[in-house]
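Asker: Submitted below is the structure of interest, expressed as structure tokens.
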């Protein structure tokens, strides 16, 4: 017994020392990736609790206070939402704390890049605390998460636009025939995938013998947007490229599919309801992968984008300003020793992405379901989920078209 106790103490001490070594090795450069790791860990915790926490939650009187115990699926959904709420509060508190940071001399800059042991402990405490809050608060969080998920989808669009335009400019700047051919091939593949996917949407969501006018409207409107993207991008005054237009077209078709597949399973125009389990598994995997990639990209890209992530005081935001005359260089170098370096990106916006991603991942893991109701019964995927994604598609189209025509309408402004 004494030997086992000593062995357990040694293992605990080694584990603590290992954690301390890991968090101590996180530098300023790797801090953003560490936040991505914490977010990915929260997804793993949510997934595990969704599978194993139901029997324990059934025994908690402040959670299972219904006259009739709900189904196991209800507790699985509730566990995911409680972890998501703790994750959301953690990143939202950090976002509020980091408002207004302009230079690295601000004491809060040290908190952003360091203090990892304290932050991990706080994260665990917040997640555990969420399992003691009343069901009504979880129900309210589930409701606002649908709208927060829509905002995250818009953030995805901004990041996608940033990535695609950078990709396009990188290949064009090489000014070689090989890269022009590569642009054409990638654009062609995206358009073939777009129209093939659209054909499947007609097959799945407009079955013969049923009046599916709304679904037909969504799909036809998506096709119209695809043609509008190409026409505007190729207009002589716009001087755009087919690569961003093709990638955004494929993304809009995916949003249309995502919205239509969220229609209630008993809806006659949802042709996927017969094998909805297989479809939901694929959609869940694709959605989670997209979410993680978006968060990782935002973390890595932060500091190189001058649109949203980089504040005006950032060195990158002012990278296009002319260099100083030679006779002022020495004076400027002396000043730099005393002046604080400006931050390279907006910390608050950085954390806001994680907050919105927490909401979106919860909706994916729960199938956009309501966890708490008066009867304690799980509400299936429904029309709010459909409209969140369809409206996001329309906003995507508006943002992309605006990014093309804004420089023409306002030539004196920088976009």
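Here the Cβ of each residue, glycine as well, is placed from N, Cα and C on the backbone.
Model, not experiment: these values are computed from the prediction.
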Asker: Give the range, chosen from 79-99, 310-330, that TrEMBL lists as transmembrane segment.
Answerer: 79-99
Asker: Under TrEMBL, which of the candidate ranges 37-58, 345-366 is annotated transmembrane segment?
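Answerer: Of 37-58, 345-366, TrEMBL gives transmembrane segment for 345-366.
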Asker: Other than its close neighbours in sequence, what residues sit by the transmembrane segment (179-205), given a CB gap under 8 Å and a spacing of at least six beyond its ends?
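Answerer: That would be 168, 171-172, 212, 215-216, 219, 222-223, 226, 241-243, 245-247, 249-250, 253-254, 256-257, 260, 263, 269-272.
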Asker: List, by number or range, the same-chain residues at least 6 past the transmembrane segment (386-410) whose CB is under 8 A from its CB atoms?
Answerer: 146-147, 149-150, 153-154, 157-158, 161, 165, 218, 222, 225, 228-229, 232-233, 237-238, 240, 244-245, 248, 251-252, 255-256, 258-260, 262-263
Asker: Any contact between the transmembrane segment (345-366) and the transmembrane segment (217-235), i.e. 3 or more CB pairs below 8 Å with pairs at least 6 residues apart?
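Answerer: Judged by the Cβ rule, the two regions do not touch, with the required three close pairs absent.
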Asker: Determine which residues of the chain contact the transmembrane segment (79-99) at the Cβ level, with the cut-off under 8 Å and only residues 6 or more beyond its ends counted.
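Answerer: For the transmembrane segment (79-99), the sequence-distant neighbours (Cβ-Cβ under 8 Å, at least 6 residues beyond its ends) are 39, 42, 45-46, 49-50, 53-54, 57, 108, 111-112, 122-123, 126-131, 133, 137-138, 141-142, 145, 347-352, 354-355, 358-359, 361-362, 365-366, 371.
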